[in-house]
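Remarks on the structure that follows.
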Amino acid sequence: MSKLLENVLIANIYLQPVQLSLSIVTNILNIRILCSRNLRKSPCTHYFLAYAILSIIYTCLACLTQFLRGFYIDWANGKIGCKIHFYVLFLIPFQANLMLILASFDRYCSSSKSRRIHSRGTIRTARIYIVLGTLLSAIYMSPMLTIYNWIEIYHKCIPQINIISNIYTFSQVFLYYLMAPLLMIIFGFLTISNIGRQSARAKLLTVSIRRRRTERQLSRMLLFQIIVHVILILPFGIIYYINILKPSTRTPNVLAIRYISVMWQQCDYFVSFFLYVFSGRVYRQELSNLIRSNGFKSRRRQLRNDIQQFTLIPTSMLPAIRAKDVFI
């Protein structure tokens, strides 16, 4: 084991709990705010909700895996763990990535002037796409269960090196790291173009202005998230593809760099909250309403407790209490 790899494993012991806490807290806030009355009416919000749920699931598994590696515990060791480990930890990011693609497509449909395209941007359609996308991606990633095998002699979980596995791995890299960002960018530019064309006409309309502003802010939130998403996932994708094509590159130092890129990629699953706050005024308003409502509920709960405590005081003690208060 190299010194770099040892330092990375030690750093995971301290960093992974922080990343886990940030991801759980921020995504729970995302879910709570996105379920508000103003935001849940948009189909795009449902893709954001699916992304938040997948982010919590992935972070719980990935952070726990990275944390245990700091103590030289790897649940990928063994015939069953070897297969499930890589299947699950590659499947969930793939599904989360798909939610961003579908959200980008929804923004394009919602901003389109074509009635046929615009009709696809509905909540019912979004739910169908989420379910179908989740099932199809689970089927597509199923070859991961056969590619990775536990080699007892080396005590390592190693992928098979053959033409079929290389083609499948290339398809993964192509879809996740090339095709997906390209689709997000294309739909993003088309959405911006559609919004620009409709801006002049929108000024003449007075109906559903608030709804239209919400849709635009959701588009802005998605655009910022896509840009940061691409920046965070690319380093791991490059190292992963090099390791698959050239097994000789799986050295301890390269493995350490791969673990660092995993930590970098994990930031993608809690940074969305800060991007939403930064880019979406409607999101900030809903967050402010949530904070105020919780503060009001806590004060009302405290008042109710005070009233209940007061009602538990025996009637015979009331004169004595009053007399004592007067004396004081």
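Glycine is no exception: its Cβ is also placed from the backbone N, Cα and C atoms.
Taken from TrEMBL, the feature domain 'G-protein coupled receptors family 1 profile' applies to 26-276. Annotation comment: TrEMBL describes 13-35, 47-72, 84-105, 126-151, 174-195, 221-242, 262-283 as transmembrane segment.
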Taking contact to mean three or more C-beta pairs under 8 angstroms, with sequence separation of 6 or more, is the transmembrane segment (84-105) in contact with the transmembrane segment (13-35)? no
So which of 13-35, 47-72, 174-195 has the most C-beta pairs under 8 Å when paired with the transmembrane segment (262-283)? 13-35
Mean per-residue pLDDT in the domain 'G-protein coupled receptors family 1 profile' (26-276) works out to 86
